[in-house]
Amino acid sequence: MRALLIIAGLALFLVVCNASQVNEQRKLNEMLSVMFAVEEPQERDDCLGMFSSCNPDNDKCCEGRKCDRRDQWCKWNPW
């Protein structure tokens, strides 16, 4: 009877430890996702995102991007 109680206690201990570890891993994954989330700034539906092919004479790149005349794709424009 004592051996069965010890085995049940160990099994319960392992389940609690595993649940705690899974919860901790989930919190870490959420934190990393928030830290490394890259959101494309796109206010208009018709604007072109980063690295999209564009026409320099009719620049439809999203805010913060500019159509490059030489490469003809939307590049980041800090100014």
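Heads up, the Cβ atoms here are built off N, Cα and C, so glycines get one too.
What you are looking at is a predicted structure, and each value in this text was computed from that prediction instead of being measured.
Taken straight from Swiss-Prot:
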DISULFID  Cys47-Cys62  disulfide bond
DISULFID  Cys54-Cys67  disulfide bond
DISULFID  Cys61-Cys74  disulfide bond
SIGNAL    1-19  signal peptide
Pairwise CA distance, Cys67 (disulfide bond) versus Cys74 (disulfide bond), rounded so that it is a whole Å: 4
Euclidean distance between Cα atoms of Cys74 (disulfide bond) and Cys54 (disulfide bond), Å: 6
Euclidean distance between Cα atoms of Cys74 (disulfide bond) and Cys62 (disulfide bond), Å: 8
Candidates Cys62, Cys74: member of the disulfide-bonded residues with the richest Cβ shell (10 Å): Cys74
